[in-house]
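Single-structure report; data block below.
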Amino acid sequence: MSDSKNSSKKLGVWTTTALVVGGMIGSGIFSLPVALAQFGGISLFGWLFAALGAFILAKILGRLSKVIPDTGGPYAYSRAGFGDFIGFFVGWGYWLSLWATNAAIAISFVSYLSVFIPILKDNSLLSLITALITIWLLTALNSYSVKGGGKTQLITTLLKIVPLLAITVGGFFFIDWSNFSPFNVSEVSSIQAITISTAICLFAFLGIEAATIPAGNIKSPEKTIPKATMYGTIAVSILYMASSFALFSVLPPAEMANTVSPFSDAASKMWGANAEYIVAAGACISTFGALNGWILISGQMPMAMANDGILPKPFAKINKNESPYFSIIVSSVIVTILLLLNQTKGLADVYTYMILLSTVATLVSYIFSVSAFGLFSIERKYGFKPKLTNFILTLIGFGFSIWMMFGSGHEAVSVGFIGLLLGIPVYIWSKRKI
């Protein structure tokens, strides 16, 4: 009877898929086209290569989750392959990326909300308060119950894709092929344009590992996680590429580069001025759902590390509904501090720094997860064998992650590296305290 009750509180395949889709479809798809406009139509190759890279990474993470269905995802895989220190390094980096991600998405949510509440555009204090209220509302929900957070994620995921699908389908009836000529409108080479575009697009795919993090709260994780990871990645890849093509079909690159809401502008062109409110509503739902999903996940990583003895024991605390409430609350406290410390900066500047930090830190977790997959294949661990397909997956996944590191730029890598180094004293302190 107890097992049955516990099972009813866990996440099934569709809710877990929603976690993956919801994690990926956040603010990125609504804001990245502006950054891609500087390259023109050639940036569509960025979406293609980012999707292919995400698919390979999803394949590797899915295979790892079958044999290591432990809470923590990339952290658990890296620790199994390389020991406590590398495991902590990856877990710390991923947790760091979640603080930055949640801060950035909260800012983005308030930006879209300002379409309906104009005072938020000019009042930075009110914007900050609104962001913090949103963070703590979702923190309370996820701290009470993982299942409650999962249901919210399923509902918001279904709602957020509706406006994206509408723009995608509508855009195919307004195609202007002149928007794709010249194909590369930037001053860099085509190879550079594709590399940078792919790195920019990859941010929208961060979240492919979302289903692997809360493995302890998922029904039959060894079966559910691989399915949810692949279903989510394929669905999001198709939606991203189709919606971006539709957007470039409607808006010229020059026009897109000078707007803050390209999807809203496209909707206005297709259906009239009031359509911007529909898109803004979709963006609010999208960012709200993404923030909910990442707050849910932000408690899982430190809980897994505490259970393994490399973070203090309080981080492993769960309530009667199996929610790691202590870890979730601490994570949101840190996000709150990040926002308070950056209050004097413009929202756009804060958003940019948070995104750079999140992307680089997440890439580190991908690199070590892929390396662990290759190591297990060589050493014949966890049922893996030294098959050619495993080595090909490892080489492509590793090469893609390194390529994206270069594409992210020196500043992003430097900021992320400093953040990772700050975790070393925490590791030493934790080992001495436990």
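Keep in mind that glycine also has a Cβ here, set from the backbone N, Cα and C atoms.
Just so you know, TrEMBL annotations never went through curation; they're auto-generated.
Feature annotation from TrEMBL assigns transmembrane segment to 12-36 (among others).
Under the heading transmembrane segment, TrEMBL lists 42-61 (among others).
If you look at the transmembrane segment (82-113), the same-chain residues 6 or more away from its ends with a CB under 8 A from one of its CBs are 26-27, 30-31, 72-76, 120, 127, 130-132, 134-135, 206, 260, 280, 283-284, 287-288, 290-291, 294-295, 297-298, 301-302, 304-305, 308, 310, 331-332, 334-335, 338-339, 347, 350-351, 353-355, 357-359, 361-362, 364-365, 368-369, 371-372, 375, 416, 419-420, 423, 426-427, 430. According to TrEMBL, the transmembrane segment annotation covers 82-113 (among others).
Annotation comment: TrEMBL describes 125-146 (among others) as transmembrane segment.
The transmembrane segment feature in TrEMBL is assigned to 158-177 (among others).
Taken from TrEMBL, the feature transmembrane segment applies to 189-208 (among others).
Feature annotation from TrEMBL assigns transmembrane segment to 229-251 (among others).
What TrEMBL lists as transmembrane segment is 277-297 (among others).
Residues or ranges marked as transmembrane segment by TrEMBL: 323-341 (among others). Nonlocal intrachain contacts for the transmembrane segment (323-341), taken as residues 6+ away from its ends with a CB within less than 8 angstroms of a stretch CB, comprise 95, 98-100, 102-103, 106-107, 128, 131-132, 135-136, 139, 142-146, 149, 295-296, 298-303, 306, 314-317, 350, 354.
TrEMBL lists 353-376 (among others) with the feature transmembrane segment. For the transmembrane segment (353-376), same-chain residues at least 6 beyond its ends with a Cβ under 8 Å from one of its own Cβ atoms are 57, 60-61, 63-64, 67, 73-75, 77-78, 80-82, 86, 89-90, 93-94, 96-98, 100-101, 103-104, 107, 199, 202-203, 206, 209, 338, 342, 382, 384, 390-391, 393-394, 397-398, 401-402, 404-405, 408-409, 411-413, 415-417, 419-420.
Sequence annotations record features per position, and here TrEMBL assigns transmembrane segment to 388-406 (among others). Taking Cβ pairs closer than 8 Å, the transmembrane segment (388-406) reaches residues 53, 56-57, 59-60, 195, 198-199, 202, 359-360, 363, 366-367, 370-371, 373-374, 377, 413 in its own chain, all 6 or more past its ends.
What TrEMBL lists as transmembrane segment is 412-430 (among others).
Of the Cβ pairs linking the transmembrane segment (229-251) with the transmembrane segment (42-61) and spaced 6 or more residues apart, 3 or more are under 8 Å, so the two regions touch.
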